[in-house]
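Comments concern the structure below.
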């Protein structure tokens, strides 16, 4: 793919979400001129870029969208939900085309229909459904537009009159005549569509034109199918070139001046670029000469603009610079001195006059094509400008002094490939492990080689390396940090679309969007969050009628709140819907065999509602296409737990549901506690560990054939690690006859794991077990310790089942 | 070596202009909005500006107005817009554009204008 296209795709990928976001913001604040202006600019930019490529399917939709937004911006079309819907559809379509371009390098022609349909639906809102003429042509002619169709669109370059249809030899002849001083006038006549009913005869009128050198009649637009053709409406445009003066024509068309465009044609306008259908070129009129004419004429036009403003000196200088460059380019350097003098004179009187006079004298071709119509525009514009003083743009008031900090921000960010950051992360991981070997080295220096001094120095150096490594680790983690807004930004659209589909009204409140967490965590969070939000919309929030009946406002409220608490990210999703009925949950759980009869009686309401997280639980009676696809909240739970997260739920029947997710900020480096059992060491992720206690054997009792003890007024069941690992050894006690108990939290229950001894905690890079070891569910993974030994990290969730 | 400043917020458009102009041997600089363009103008001298209309922070009109109202070397400027309307054209010309072109500008058109405005004979 060529770099230009690549650039376009990457840019479009940035613009599309921004457009979507602005549209949704508009939904809450539909009158914000600032938002509409910004939205227009974004769509406009995207359309402009797409126009550089041959993607008519894409450009057509964007163009229609831009036109529509232009009307909205000028308050000619009111913002509406339908409008937002269609624009969003259009942008989705563009996004889809982008995917296709990226995958295949082009757009399948099959999309043309959709593109036309989308563009058409946008144009309907614009109030202009004629696809062929995106600008307000057809309708204008019928209105009281002052001038005809083509004349009305001033073209950017040489002329507003297209003379390329005139045969080459005739043009050559006319060129000579005009050079010799003969007048030549162009007339374009666009009769009103219902002119036949007003007693007008356009053809007859055209035939009255004296000295017609050339003429033609053409359809204004492509003809409709014969069946739809209205023969009583005039859809023609008449053009003629005559050597009669304009005065005669004005006289002839005096009753319908608004339908004609009469222009005196200068000789230069007859010069056409080479390569047209007529074959050879008139004189040496190629693009350079055409450019020259355009530039000189434009400078003449600028000089004719009202010159009572502060920009005049700068404008004059730039005009002189442009003219001088043109003169140099065509080799007329002899004129440069005169130009300079004219500029000096103009500057000294702060008027364009002297320069204008010089231009008219030395480059008379500049006067060409100052059409009557364009003059009218100029005076009209001048009047308008006088009425509203200059600098209508607030930004224009920004002065030099203030820019520095504004602009630097644009180059403060660097896009880096994710792979490079991952590599850095792996390296710092290895660094952390490598630095952990220094304390071992220090103790060996002391115990094995008896070098106490060296040992102390190594320890001191270790402290330094440790500090730097920690800072580095932090810095790199910062790079990987992403704001949760990355996932949040899709919710406004999701909630909007889903709730509309369900016929519900929902206000979404997002808070704490700038809370940051590691990229992996954020990515892992996306699916569970979407599932939770869908669940809330589908099952939580009621239909407006039932809400009103329950005395609640018709529009439900769904709030998603993110915050950071020490080294965890908390995300809370709450709705004010109907909540979860614990009795229904209990009954279902019992029916599905998830709990037994005893539990049915025993469990609290809070425990009951948390049963929705149990595997194989789904409360939906009817499977809708939104949630309830057979996967329930257990999928959410396991996805969250996969990244060492915790999920919990509370709900009050009739008042709503709240789900909390708690996730680590980062999962690249795991903090583990090392424990000892049967002369082996194992790691336990610190987030599982609630506390470590030593309990006297006397305080351990057997209840229902299970070991238990009472900790802080709570009965805690105990299991021996050796039993869990099927090691046929009793656990060791210390000399005071106490058991070492590691209290861990599993699904909100506390369990005491009896081990032999506790050791220190360390930072490790946890590597999942691969190959044949991957089948061992009891281990979360392995890690390399500083002394080179391997630490197996336990997964109690699997071990204790 | 002639130096051209392309001012446009769309990276694609900047690259498009850069490709065309660089292939003809010009040095191209870029600015993403009017503010950045002004800043670059203060740092070095350009022989030609190619300016977009719609840009954040400071748009093309604002930039030209600012440029022309300062006592700096006044190089010619082409304004490139998607609007073919006469009002936009007049507005651009009155704030100091020397040419008003409608997007998308064909490479040969852009080049022939640029050559002339840089005072170079046709090739």
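For all residues, glycine too, the Cβ spot is worked out from N, Cα and C.
Bear in mind that the values here come from a model prediction, so they are computed numbers and not experimental data.
Residues or ranges marked as compositional bias 'Polar residues' in TrEMBL: A:152-162.
As annotated by TrEMBL, domain 'HPt' applies to A:1-101.
What TrEMBL lists as domain 'Histidine kinase' is A:465-667.
Per DSSP, the domain 'CheW-like' (A:669-801) is made up of 19 helix, 74 strand, 40 coil. Positions annotated as domain 'CheW-like' by TrEMBL: A:669-801.
According to its DSSP assignment, residue A:44 (phosphohistidine) is helical. Cβ neighbours of residue A:44 (phosphohistidine) (same chain, under 8 Å, six or more residues apart in sequence): A:66, A:69. Per TrEMBL, phosphohistidine is recorded for A:44.
Summarising the annotation, TrEMBL assigns region 'Disordered' to A:126-162.
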**OP:** Please list, for the domain 'HPt' (A:1-101), how many residues fall into helix, strand and coil according to DSSP.
**Re:** 83 helix, 0 strand, 18 coil
**OP:** Could you tell me the mean pLDDT over the domain 'CheW-like' (A:669-801), as a whole number?
**Re:** 85
